[in-house]
Amino acid sequence: MKRIGILTSGGDAPGMNAAVRAVTLKALHEGIEVYGINYGYAGLVAGDIFQLDKDTVLDIIQRGGTFLYSARYPEFAQESAQLAGIKQLEKFGIEALVVIGGDGSYHGGLRLTEHGYNAIGLPGTIDNDIPYTDFTIGFDTAVNTALDAIDKIRDTAASHERTFIVEVMGRNAGDIALWAGVAGGAEEIIIPEKKFDIAQVAAHINTDRQAGRKHSVVILAEGVMHAPEFAEELSKFGDFHVRSTVLGHVQRGGAPSARDRVLASKMGAYAVELLMQGKGGLAVGIENNELTYHKMDDLFDSKHKADMSLYDLNSDLSH
Ligand code: ATP
């Protein structure tokens, strides 16, 4: 194998650049050339492709976002677009590629593998919602960003004896809420994976107030409902001086944490090793601190599971 390509696709996540850097440096170390593909599959089809060398990736490990840009390009589900992409791979002499993104991006990678161009997927998303990996690239940074905001919100919640509903990202997964909630000492964590009863949340806050604890922070995953709506519902059960905050896209940006940089570096180098072994159609994960891989097909049939022990832990610690 002489030349590989790399693209980032779907939602951006801190640590994607660290993964691109690791793929590039590992491949160069093994005598393989690397081409960056801008704008995910859209750039592949358009031929927006350029050579990556050591200098190009030298200063990107600390940068958030993705310097290869990302794009949604649903047209890539059609075979005509895939064949157009393959023409570009042929033109640039790219024999295999690494795809960083979520499960949509893996679908694209699997199609290319089926056409004879091995693709290895790396899980790049802040949501941590990909099966067969304990952590995705970007999740740790997003949790720390949310935590920083939660700590600040607690200061003002305490000063004014308020109840704050803090909405965090995660799409349909409660992982960011669970991790940021436990780390931030949340009084309640509300996630899509667990049914909640707003009357019970109100009762909990009331009990706390009677015991002299006059402020609360409720961490709400966006997959449940929006914070203002939750605040309105909660206010029907008493005057808790409720305020709501939606953290939003700040959680997607920022310099990647050390954990995300290390995870991205490990996974990037591993992806190159798998390609060198002639493997394709695989998604890399980290399970029990070991690098693993699974068939992309198997991922599509499974569902990510949040660590519900964190939910139980938080209930024990806060009730
Ligand atoms: P995230 O979960 O962070 O949004 P994702 O990779 O799941 O990441 P998607 O928008 O679902 O994000 O997919 C990214 C890109 O992958 C799409 O824009 C499209 O180009 C390609 N893609 C998605 N689904 C398919 C498919 N069924 N076949 C081929 N390509 C696909």
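From the backbone N, Cα and C atoms, a Cβ is placed for every residue, glycine too.
Owing to the predicted nature of the structure, the values given are computational and were not obtained by experimental measurement.
Per TrEMBL, ATP is bound by Arg72, Tyr73, Gly102, Asp103, Gly104, Ser105; the candidate from Gly5, Gly11, Gly170, Gly174 named for the same site is Gly11. Cross-referencing Arg154, Arg162, Arg243, Arg252 against the ADP binding annotation in TrEMBL, which names Gly185, Ala186, Glu187, picks out Arg154. Summary of the site annotation: TrEMBL records substrate binding at Thr125, Ile126, Asp127, Arg162, Met169, Gly170, Arg171, Arg243, His249, Val250, Gln251, Arg252. Screening the candidates Glu193, Glu222, Glu273 against this entry identifies Glu222 as the one listed for that site. When the C-alpha distances from Gly185 (ADP binding site) to the binding-site residues Thr125, Asp127, Met169, Arg171, Arg252 are tabulated, the minimum falls on Met169. Nearest by CA distance to Arg154 (ADP binding site), out of the binding-site residues Gly11, Arg72, Ser105, Arg252, is Arg252. The Cβ of Asp103 has fewer other Cβ atoms within 10 Å than any other of the binding-site residues Asp103, Asp127.
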